[in-house]
Amino acid sequence: MKIFNTIQSVLFAAFFLKQGNCLASNGSTALMGEVDMQTPFPEWLTEFTNLTQWPGIDPPYIPLDYINLTEVPELDRYYPGQCPKISREQCSFDCYNCIDVDDVTSCFKLSQTFDDGPAPATEALLKKLRQRTTFFVLGINTVNYPDIYEHILERGHLIGTHTWSHEFLPSLSNEEIVAQIEWSIWAMNATGKHFPKYFRPPYGAIDNRVRAIVKQFGLTVVLWDLDTFDWKLITNDDFRTEEEILMDINTWKGKRKGLILEHDGARRTVEVAIKINELIGSDQLTIAECIGDTDYIERYD
């Protein structure tokens, strides 16, 4: 079932990207904004990359002194649906629920987390949240919706990176993975003046090759142990309803702990997220609070 869900979500990803939209984790969508509203492309980034504007869906690879790809293990690349072909020793979370000792997968308090913004739908969620929470944002959405990104910050929420354009990382080359991460970091730096500390892989697709690259950026991998599958509300999947999601939330409340995966890239998922927030209440934590660590690697004035 996990493999089928991943295949389905990637197929929807391809459709929405062709329509000029940016797909959210596991299927929900976040529309890209108008170019004239973008975060200005900073001079320091032009000097470093010799480019003058933000990239499209496929960002170019820019070598970095502190990223040594010779230290990355040589593991097979794989695509959605190919889990039976890869070794369990690759420690794939999306295939085998395999986690590394450094991965964050849960929290001692039941807490919501949100992927794929910033997006217009995010604004409604920000107005209703009663506590600090964690947003994992796409770089391409960050530069296209800088005002919404700033609203997230103004309300004191924690922001982590979710790559530049939501690619299935295990299918990419090492250089392409670096590009997805570095451009997302630069987008956050230019828009929010900080260097993120937390990283969530799109689709939860991560193995030890991807981890090795992520760790060289100094990022902490954040996964989840409670999945709402709210993206199925966007795809009109008959196997998931709002009522079923809220029933799961009530069950999870009894456990009083865990990290919930949700999405803020679409109006429908935000509507459910607000109801979930009302059910759980404000006694929730950010990822940094869950593990007793700092919000960002660095902040800039």
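Cβ coordinates are placed from backbone N, Cα and C, and glycine is handled just like the others.
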Based on Swiss-Prot, name the residue from D116, D147, D207 that is recorded for the same Co(2+) site as H162, H166. D116
Swiss-Prot annotation, disulfide partner of C290 among C98, C107: C107
Measuring Cα to Cα, tell me the gap between Y203 (acetate binding site) and N68 (N-linked glycosylation site) in whole angstrom. 25
Rounding to whole Å, the Cα atoms of N50 (N-linked glycosylation site) and H263 (active site, proton donor) are apart by 34
Across all protein chains shown, the one of the glycosylation sites N50, N68, N189 with the most other Cβ atoms within 10 Å of its Cβ is N189
Per DSSP, three-state class assigned to N189 (N-linked glycosylation site): helix
Candidate recorded positions N68, D115, H263, pick with smallest Cα gap to N189 (N-linked glycosylation site): D115
When neighbour density is defined as the number of other C-beta atoms within 10 angstroms of a residue's C-beta, which of the recorded positions D115, Y203, H263 has the lowest density? Y203
